[in-house]
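Sharing a structure with you now.
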Amino acid sequence: MAEPILHIEGLDKKIGSKQILKQISMDVMEGEIIGLLGPNGSGKTTLIRIIVGLLKQNSGSVTISGFQHDTEFEKAMEAVGAIVENPEFYPYLTGWENLKHFANMHKKIADERLDEVVERVGLTSAIHDKVKTYSLGMRQRLGIAQAILHRPKLLILDEPTNGLDPAGMKDFRDHIKELAEMEGTAVLFATHLLREVEDLCDRVIIIQKGEIKAEVSLQGTDQTTEKAIIEVQPQEKALNWLTGNQYQAESQDGTIVVEVAKENIPELNRSLVGQDLNVFSITPYTQSLEDEFIKATTAHQEEGEELV
């Protein structure tokens with residue numbers, strides 16, 4: 001079995017007496033895009049800062065590309081590229097000069113690699129312009145180029161689409177998807193935007209109050225449903241019949257949600273009608289990421305101060 005690029009186990013962080021992160025554990029595999037989703041103040045940024053070495057955890061471990069954070073920090077960081085909100089550059093230098101300056105901090109980054117990443121992020125025509133003339137979207141693309149210049153195995157993104165218009169956000173997503181597919185880069189994408197996660201990620205980890213509340217796979221969400229919503233009367237009689245016939249069913253908002261393959265819905269409908277039940281509709285049931293997010297966060301709702 002392949003080893004994860006990022007492995008976090010039992011991570012705790014306190015500031016003073018306040019618990020900021022509580023027993024965080026996760027894996028990110030090669031070529032996988034993982035969304036770290038949570039409201040502002042959920043602990044996402046604190047976790048990102050620990051991963052990139054800007055903060056120290058109280059307990060737990062971080063392993064990147066097989067290197068322990070605590071004992072082999074420099075080797076671990078060689079495998080990391082990061083964009084934290086809006087990337088900063090020297091505005092009086094060109095995009096190329098900024099990348100060249102960054103490349104000089106690493107070993108053996110040839111100009112051919114600079115050309116490659118510039119083309120990948122779509123900045124070829126503007127790379128020799130001064131960065132002060134760049135739009136926010138162009139700066140973000142330059143940020144991606146800088147972050148992947150040294151071929152990191154792990155790319156960390158913390159709210160990277162802040163301030164981008166819809167076209168810029170789509171452009172950004174396309175570049176990240178291509179990066180994961182073409183170079184096998186593992187991506188951890190922290191955001192509070194549901195739509196961004198749905199459009200970009202393979203899997204989402206929902207975090208609130210410093211704890212992981214749920215993990216949801218976003219792959220295969222268009223497959224045939226295994227649940228249906230039934231509007232039927234009398235509802236209690238229908239529910240009793242379903243559970244008595246080995247169906248997994250429950251009442252929900254005046255309807256019944258039942259586990260049933262799509263191809264078996266006509267047979268189920270005939271059976272219900274045969275029990276003198278009035279069936280008004282049977283529709284496929286799909287639970288959106290928004291539903292999952294609300295379910296995970298409201299089920300653990302607590303009073304207290306916000307995290308950072």
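Just so you know, glycine gets a Cβ as well, placed from its N, Cα and C.
It should be emphasised that the depicted structure is a prediction, and the values quoted were computed from it without experimental measurement.
Pulled these from Swiss-Prot:
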type	residues	note
DOMAIN	6-234	domain 'ABC transporter'
BINDING	G38, P39, N40, G41, S42, G43, K44, T45	ATP binding site
Which has the fewest other Cβ atoms within 10 Å: G38, P39, G43, the binding-site residues listed?
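Minimum Cβ neighbour count within 10 Å, taken over the binding-site residues G38, P39, G43, occurs at P39.
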Work out the three-state DSSP category of K44 (ATP binding site).
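The residue in question, K44 (ATP binding site), is helix (DSSP, three-state).
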Based on DSSP, name the secondary structure state of G38 (ATP binding site): helix, strand or coil.
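Going by the DSSP assignment, G38 (ATP binding site) belongs to neither helix nor strand, so it counts as coil.
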Which residue, out of the binding-site residues N40, S42, T45, shows the minimum number of other Cβ atoms inside 10 Å of its Cβ in this structure?
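Lowest Cβ count within 10 Å among the binding-site residues (N40, S42, T45) is N40.
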In the structure shown, which of the binding-site residues G41, K44 has the fewest Cβ neighbours within 10 Å?
G41
Averaged over the whole of the domain 'ABC transporter' (6-234), what is the pLDDT?
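For the domain 'ABC transporter' (6-234), the model's average pLDDT rounds to 89.
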